[in-house]
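Here is the structure we will look at.
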Amino acid sequence: MKFHEMGQTDLLEATNTSMKQGLTEKEVKKRLDKHGPNELQEGKKTSALLLFFAQFKDFMVLVLLAATLISGFLGEYVDAVAIIAIVFVNGILGFFQERRAEQSLQALKELSTPHVMALREGSWTKIPSKELVPGDIVKFTSGDRIGADVRIVEARSLEIEESALTGESIPVVKHADKLKKPDVSLGDITNMAFMGTIVTRGSGVGVVVGTGMNTAMGKIADMLESAGTLSTPLQRRLEQLGKILIVVALLLTVLVVAVGVIQGHDLYSMFLAGVSLAVAAIPEGLPAIVTVALSLGVQRMIKQKSIVRKLPAVETLGCASIICSDKTGTMTQNKMTVTHVWSGGKTWRVAGAGYEPKGSFTLNEKEISVNEHKPLQQMLLFGALCNNSNIEKRDGEYVLDGDPTEGALLTAARKGGFSKEFVESNYRVIEEFPFDSARKMMTVIVENQDRKRYIITKGAPDVLMQRSSRIYYDGSAALFSNERKAETEAVLRHLASQALRTIAVAYRPIKAGETPSMEQAEKDLTMLGLSGIIDPPRPEVRQAIKECREAGIKTVMITGDHVETAKAIAKDLRLLPKSGKIMDGKMLNELSQEELSHVVEDVYVFARVSPEHKLKIVKAYQENGHIVAMTGDGVNDAPAIKQADIGVSMGITGTDVAKEASSLVLVDDNFATIKSAIKEGRNIYENIRKFIRYLLASNVGEILVMLFAMLLALPLPLVPIQILWVNLVTDGLPAMALGMDQPEGDVMKRKPRHPKEGVFARKLGWKVVSRGFLIGVATILAFIIVYHRNPENLAYAQTIAFATLVLAQLIHVFDCRSETSVFSRNPFQNLYLIGAVLSSILLMLVVIYYPPLQPIFHTVAITPGDWMLVIGMSAIPTFLLAGSLLTRKK
């Protein structure tokens, strides 16, 4: 039912209730049984045990588990235990990162009011909000949070803050009249109060028409549960890589066994050789190293005031091509601010933003003293006197108690020197006629220390212009002629073109002791002037948008505000290009999902949108192949935040719902912080590419060593445990250190990666194969030289091959830091890498020279002379390629 279109009689009949008696306890019980408690349903929670086991569903992990079974079956228990340990550690890391996952619905539920005043059996009773049922009569006043969806039947100067639900920062004036328009957006339903919104002024009475999941908040909860959770590009690429590697490993195993049996070798030894190759083909440490690299990136992002809630999403930011940003509280400060004051034919600009009383006044671009400009003085003082709000400094922040528009006027007055103490000690409010939606104004009668009295009225400019017979001009009150009215209207249009909300102030001196009625007070006034008010953009957002544009990322503003307001803010932020389009909620309703996908690329601003629209917009960009980041802070943003490839919420002003639905929380609510997060995300992905290149080139080298040996009818140069040691220990430490590499200088000048870019894109596959080939050749040559020198001492030749392979890979790691040459970057820029390489060399020496480990790893001590051979062979692959690149450049 469309309750907002009903009159009071039809409403009471439809809900079967009484304004005098409310509901009986018997009727309440019946309706509770029918509709259920007034609570939001919770989604199914994943148990800790299931969450832990979910960590082992990754394809690469399954491959490693298969390798464990094969190793155990063949009696290679050391290999099996080592692989199991790696898999288990990786699972624990993933479990603890995701433990605090799906809490969105619980946070949404906690927004509900704990208690409300309801009319039951003729008496007003305070009850838990969960006991409300459709048909309950409820009342609410300033400061209350609405407990259910309510059709208002009585409104006294009622204004409700709906920014968390609709995105609008200005409180909505509410009334009890029925609406005649059939199709209105949520923000335009002015005779309803919605669950979770806050009363900022006045009081009201209403009939509950929706509870629990049948509320506007409940619909958001439904969308939140149905919004999908997408895998990240990194997860998809690693899944693809895992499948490639398992196919390679299986083919190699079959090939080795078949060739070996044909050559006359026994089946068991050939199967052992096949498993060795399979182990060599799969980088066992890759899942753990990816997890650690992401974790290290998370730690760096925390220092930059970004908290990552879902680990793989770090990388997603790096390939985001669209940022869909909520305007209110994200691009703007959600703190109404006076920026213009017009009086006596002059317009003053007011600097500063928010509620901090800090900012200068300028006239014709020159800073002025407020004391020298009487019209400005009066505008500021009267704005503070005709005001019921208060601003206090709490924990270093200026906090508003009351209406945001009044907060803006109060702040402007304090900037001009009219402190709270000054106003209260010099003026006394004798009478007040509160604001109501019918009059569209508020009036006070004040008295100063000289017992002079003034009527001061503030309100809608068109209303005050009708009530004013004079206007303050050139230092005195003059006739409010048609010429002056035309000038005032021109100023109004100019301020409106800048998306400023205008408040007019008028006054009239009265006799000492006189206290006129409201009707007498609000006529024959003198128009003093206008204040232009806006929710100002965050100062750092413009630069952040520019840098995102340079990085190939389009920023899209999505807001519940009116088109003109959104357009002005977008232009101020330089977000809207000349060819850019603006689309409102009505236009969105007329387009199907497919039609929106066709036109969405040209749109930069979406205005008057609902939560359903935000979800539709995000999906449209995703259908066009974009990786979408959605930023926001309100309840209304949560479904779209969850649907997006990465959801970004605000840490201070953000609701719990938005935070729990998001993957990334900006601690300082600073839109510009997202730029740093994007930079870090890109760097993390590049670092992951670096260590994938490093690990796979090492594995290619290991595979080729084994294949060369078989083709040349040589014994195995490496045993499985040595290969496993290289993959997990020797390779692992440098790979992790590569994950800590600093970004290259042009990382934010590059276009976003294509979402479907493969792991081996940008010649990575060639680099892996070419480097791996040379590492394999160097290792097998070292093995052949030593083996032919003394065929009886196979363990010594295998140790030489082991040492050559390790050192060749450790030298190669420095080549992986750059897309060009090992000489293009200073190796000492990454001290972690220097430490990792030295540690790996030390561990290699321990395995070779420590007697208790020698039988386990099949190693023996190497003579000093043979170390020259090992070092020389190890250096050949990297420096040979580096030399050829330098020659090619010349």
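Even glycines carry a Cβ here, placed using N, Cα and C.
DSSP gives Asp326 (active site, 4-aspartylphosphate intermediate) a strand state. Of all the Cβ atoms in the protein chains shown, 30 others lie within 10 Å of the Cβ of Asp326 (active site, 4-aspartylphosphate intermediate). For Asp326, the entry in Swiss-Prot reads active site, 4-aspartylphosphate intermediate.
Secondary structure from DSSP puts Asn727 (Ca(2+) 2 binding site) in a helix. What Swiss-Prot lists as Ca(2+) 2 binding site is Val279, Ala280, Ile282, Glu284, Asn727, Asp731, and the listing cites similarity to another entry.
If you look up Swiss-Prot, you'll see Asp633, Asp637 marked as Mg(2+) binding site, on the strength of similarity to another entry. A coil conformation is recorded for Asp633 (Mg(2+) binding site) in the three-state DSSP classification, outside any helix or strand.
Of all Cβ atoms in the shown protein chains, 29 besides its own fall within 10 Å of the Cβ of Glu702 (Ca(2+) 1 binding site). Feature annotation from Swiss-Prot assigns Ca(2+) 1 binding site to Asn699, Glu702, Thr730, Asp731.
Annotation comment: Swiss-Prot describes 1-47 (among others) as topological domain 'Cytoplasmic', evidence class similarity to another entry.
According to Swiss-Prot, the feature topological domain 'Extracellular' maps to 69-78 (among others).
Annotation source Swiss-Prot lists topological domain 'Cytoplasmic' at 100-238 (among others), citing similarity to another entry.
The topological domain 'Extracellular' annotation in Swiss-Prot covers 259-270 (among others) and rests on similarity to another entry.
Under the heading topological domain 'Cytoplasmic', Swiss-Prot lists 289-688 (among others), citing similarity to another entry as support. Across all of the topological domain 'Cytoplasmic' (289-688), the predicted model scores a mean pLDDT of 89.
Residues or ranges marked as topological domain 'Extracellular' in Swiss-Prot (evidence: similarity to another entry): 709-718 (among others). If one looks beyond the topological domain 'Extracellular' (709-718) by at least 6 residues along the same chain, the residues whose Cβ comes under 8 Å of a Cβ in the stretch are 256, 259-260, 263, 273, 276, 280, 702, 779-780, 783-784, 787, 794, 797-798, 801-802, 805.
The feature topological domain 'Cytoplasmic' is assigned by Swiss-Prot to 740-759 (among others). Long-range contacts of the topological domain 'Cytoplasmic' (740-759) within the same chain: residues 233, 237-238, 240-241, 293, 296, 318-321, 547, 550-553, 625-627, 675, 678-680, 682-683, 685-687, 689-690, 692, 817, 829-830, 832-833, each at least 6 residues beyond the stretch ends and with a Cβ under 8 Å from a Cβ of the stretch.
Long-range contacts of the topological domain 'Extracellular' (783-798) within the same chain, counting only residues at least 6 positions beyond its ends with a Cβ under 8 Å from a Cβ of the stretch, are 705, 709, 712, 714-719, 722, 804, 858-860, 862, 866, 869. Positions annotated as topological domain 'Extracellular' by Swiss-Prot: 783-798 (among others).
The topological domain 'Cytoplasmic' annotation in Swiss-Prot covers 819-830 (among others).
Beyond the ends of the topological domain 'Extracellular' (850-864), by six or more residues, the same chain brings 78, 719, 721-722, 725, 793, 795-796, 798-800, 802-803, 870 to within a C-beta distance below 8 angstroms of the stretch. What Swiss-Prot lists as topological domain 'Extracellular' is 850-864 (among others).
Annotated topological domain 'Cytoplasmic' per Swiss-Prot: 886-890 (among others), in sequence order.
What Swiss-Prot records for 48-68 (among others) is transmembrane segment.
Counting Cβ pairs under 8 Å to the transmembrane segment (831-849), the stretch among 239-258, 689-708, 719-739, 760-782, 799-818 with the most such contacts is 719-739.
Take the Cα of Asp633 (Mg(2+) binding site) and measure to each of the recorded positions Ile282, Asp326, Glu702, Asp731: the nearest one is Asp326.
Panel annotation: around the transmembrane segment (799-818), residues 690-691, 693-694, 697-698, 701-702, 705, 717-718, 722, 726, 730-731, 734-735, 737-738, 741, 771, 775, 778-780, 782-783, 786, 824-825, 827, 830, 833, 837, 840-841, 844, 848, 857-860, 862, 866-867, 869-871, 873-879, 881-882 of the same chain, lying at least six beyond its termini, place a Cβ under 8 Å from a Cβ of the stretch.
Distance from the CA of Asp326 (active site, 4-aspartylphosphate intermediate) to the CA of Glu702 (Ca(2+) 1 binding site) is 52 Å. Cβ neighbour count within 10 Å across all protein chains ranks Asn699 highest among the binding-site residues Asn699, Asn727.
For Asp637 (Mg(2+) binding site), the nearest of the binding-site residues Ile282, Asn699, Thr730 in terms of C-alpha separation is Ile282. Counting every protein chain shown, the Cβ of Thr730 (Ca(2+) 1 binding site) has 27 other Cβ atoms within 10 Å. Residues of the topological domain 'Extracellular' (783-798) grouped by DSSP class, helix first, strand second and coil last, total 12 helix, 0 strand, 4 coil.
With every protein chain in view, the residue among the binding-site residues Asp633, Asp637, Asp731 whose Cβ has the most Cβ partners within 10 Å turns out to be Asp637.
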